[in-house]
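Novice: My questions will all concern the structure given below.
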């Protein structure tokens with residue numbers, strides 16, 4: 001979470017929240033902590049456009065999964081960027097949970113939209129397969145004929161339904177004829193396509209003594225970490241676009257085209273952006289940068305998590321920490337584990 005002093009500065013900013021996906025705050029606000037005990041109150045979710053409000057009321061039983069999906073997306077973002085200058089910091093007590101970072105059409109904005117959209121599709125799909133909602137369940141659209149020695153069985157996860165929920169809800173506010181809406185729609189879809197392209201068969205053996213005389217198989221989503229890794233690669237290779245304006249019957253419309261014609265045209269699985277990112281080295285409330293001072297760095301790494309790059313050339317401090325940890329653990333039959341407690345010394349390096 002961001003430091004309090006920085007929050008006070010943020011509060012003084014006049015943020016343009018009209019296009020900000022502030023409904024994401026459902027995943028970190030007080031409603032999230034009470035999901036297991038209280039129903040979702042659609043009217044109390046901040047930032048919903050009328051289409052989202054109608055969707056929430058019609059599908060209220062899957063809204064906890066929507067919140068869980070956004071939460072999973074935020075956590076995966078923080079994992080993927082844990083060693084980078086921008087580490088997906090969230091801002092407490094703010095409807096704009098990422099601060100002004102998402103105001104710009106940068107790579108970071110592209111990734112956050114993609115991983116949040118993917119999170120919603122993933123969580124809804126998994127919840128349906130687990131039988132948590134009466135309006136959805138297992139997929140009845142089994143692709144292909146069974147192979148030799150196996151048959152369809154189990155519960156194939158219905159990514160088409162999960163993707164529909166993500167598309168109808170997450171894309172509902174992205175209907176403006178401007179470049180930013182076009183970018184957000186594209187990256188939201190890239191997140192959903194990341195899951196669809198990683199669906200795979202899972203099988204279970206049946207037979208005496210595990211002989212696997214026959215297998216039953218079903219379609220399953222990958223681990224969400226796989227989706228995070230995939231989208232992080234797409235972040236690193238994101239396509240830079242330029243904005244073009246042209247007149248249509250409804251007025252001026254902004255569209256995106258690749259800045260460099262000698263690169264391949266981005267597919268629906270690629271991320272796109274059209275504004276440069278700040279360097280995130282120093283605190284800057286206008287860009288949402290918290291800087292990298294006091295961040296832990298890896299002194300032995302030459303990558304972005306290394307002290308040279310993460311600390312932006314300012315140097316780093318070194319100290320030792322003594323930590324008490326469990327060690328020499330032994331399993332006893334039956335059934336408990338006993339451990340000793342050891343003191344270990346660690347070298348810690350932090351940015352100046």
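Here the Cβ of each residue, glycine as well, is placed from N, Cα and C on the backbone.
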Novice: Going by Swiss-Prot alone, which of 140, 156, 209 is annotated as O-palmitoleoyl serine?
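Specialist: Per Swiss-Prot, the residue annotated as O-palmitoleoyl serine is 209.
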Novice: Work out the three-state DSSP category of residue 297 (disulfide bond).
Specialist: coil
Novice: Restricting to the chain of residue 77 (disulfide bond) and a gap of 6 or more, list residues whose Cβ falls under 8 Å of its Cβ, or answer none.
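Specialist: The list for residue 77 (disulfide bond) reads 88, 111, 112, 115, 228, given in order along the sequence.
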Novice: Spatially, which candidate from the recorded positions 87, 203, 327 is nearest to residue 334 (disulfide bond), comparing Cα atoms?
Specialist: 327
